[in-house]
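Positions annotated as compositional bias 'Polar residues' by Swiss-Prot: 55-64. Positions annotated as domain 'RdRp catalytic' by Swiss-Prot: 286-483. Positions annotated as region 'Disordered' by Swiss-Prot: 53-82. Marked as region 'Promoter-binding site' by Swiss-Prot on the basis of sequence analysis: 249-256. What Swiss-Prot lists as motif 'Nuclear localization signal' is 187-195, 203-216.
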């Protein structure tokens, strides 16, 4: 059937067709090679925006540092980072005046969090810069390595298990004259293979102790590792993102906790809420501006874009904000919160892997590590790279670049939102003291500004004043990329507003289709995505029905499980046909076993096993869901599982789907070609953690697991839990006296061993 595409849009307002312009179909672009060039761009740009600031030298590390705070006010529209301290403090004071008690209350909430947070909070998150190995690691491993090194250097406050105590160790570690670390390394030997008589390379993994003096340790503690941001759609150029080490993470977490608590109380903040809640918040602000501008005023909205938000923010400004927001709080609390911005003012950016060179004529490839960029002859590089290296050289120390100004992506989203909202707050008539006034929305670097005034001149004046106010706080509204419209049509964080929010369906496209976890999860996720889009994204019944049929088709193709009565030949069709013929009630077979699809848009909320349970043959039920069947027993049965969805914007989100453990919920094994590399020692550590955590979960199944209050180690918790459970089981007659005594004996032995340790 041929469709003339223009017919699709005849009755659709232009805004509703916005979906079709988004770059969300197909694979997103990934980066290859090193991020060194992108990182140098970031460092150079950041310094350029602050170039008229004051240069100083860090006394501990010798790093040159540029401080643009209270620098000269810009005379043109170029982006700049010269925030004025007194202006920022005044904006904070006005924010507090409009929201009495906001800082005080948020501080009280945060103090409670600080005292209760366990150090395992830092195991969340994926890649983390591991300063002990000088490269990226999974967060849990990086934390473990840090704690291990701390303990071997006599720093033991962290043993309490509280995050605040771990941070005490971090502070102490910075005063130490030297730190001893264990590094993994790899030895290669050429040996003759006894069987084949060929020479082979044998690799052995070793650990060796290394001492870092105070300067080297501080550089590592203040380092942010950089990588290229992958899978960014709609951009030609890649860009660098940073991942901080464990010394910085805990402090950042507490600052962001305070800022999050403040954002929750600000009606103009687009964080930390999301989805429908965010849309409701937005709609409220728009409604407020529309109702107040009925007869005498006109109202315009700017869909705003800021130039290089992160690179013009400054940690010193954040320090001023924190100092103000916590001014009546206990000294210890103010100190804890001020450390993150201080560390960021002294941060170092690791330049990544370096450059790859290849000589076509000599068939040679070689890598120039970042450490060599400081003194390598520049004749090997092309012009643009040469300029980059020349500009960055004065800032280099041991392969890292001193980067005092700027914030790096994604570190202080909440706190920078507070800064943005403080300007929106100044738009009230009692502050503008004139006929125009403004309000708006801020979510990290994205904003929408609504200006009301009696006439166009007033609107222009209001926008100009907003623009200049932003400059005073180191925020640069881009005149090229922002556009203004009559209120009622604007875009904010990829939500399109036209007298109400228009569904931007293309955002959801990447999550349709078969996820590739396993047959059971994929079926469940597939129908859940369709259900969610019917609820949230204007996916109509006819389209949903079509999406469902396409999904089933895709699913059958992926898992080669076409219906038992089909003519299609696949690797599985022989087995599936056999099962089809043996089955009395064919409707009871799961789609993944060659059964028919019983889903329609009315029953998407029911897991397939439940939908078909009554229709199944008894022996099929017995095979499918029998815990004694070795293909089922590995799965703990939980009612809800989480899948990680990659939405179009924002971080990966967790999507819940109903999970019924069956023979189809298998877990694939990971490829372990890692075993003969220097990662192997790390892997063994990781497996040890995995085992400990699995054991712990056996004692505390998720349903009964409450965060341990008070300070007890994992072992103590498990022993006391074992004793309680054993007593209950013994008293209710589930276990015999001998078993009970044996359990008690084992518990005592474990405690004895701990005492001896």
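Our numbering is plain: 1 for the first residue shown, then up by one each step along the chain.
The backbone N, Cα and C atoms fix where each Cβ goes, and this holds for glycine too.
Proximity of distant same-chain residues to the motif 'Nuclear localization signal' (187-195), defined by a Cβ-Cβ separation under 8 Å and at least 6 residues beyond the stretch ends, is recorded for 201-206. Across the region 'Promoter-binding site' (249-256), the model assigns an average pLDDT of 97.
DSSP assignment over the compositional bias 'Polar residues' (55-64) gives 0 helix, 4 strand, 6 coil. Mapped onto DSSP classes, the motif 'Nuclear localization signal' (203-216) shows 3 helix, 11 strand, 0 coil. In the region 'Disordered' (53-82), the DSSP tally of helix, strand and coil residues is 0 helix, 8 strand, 22 coil.
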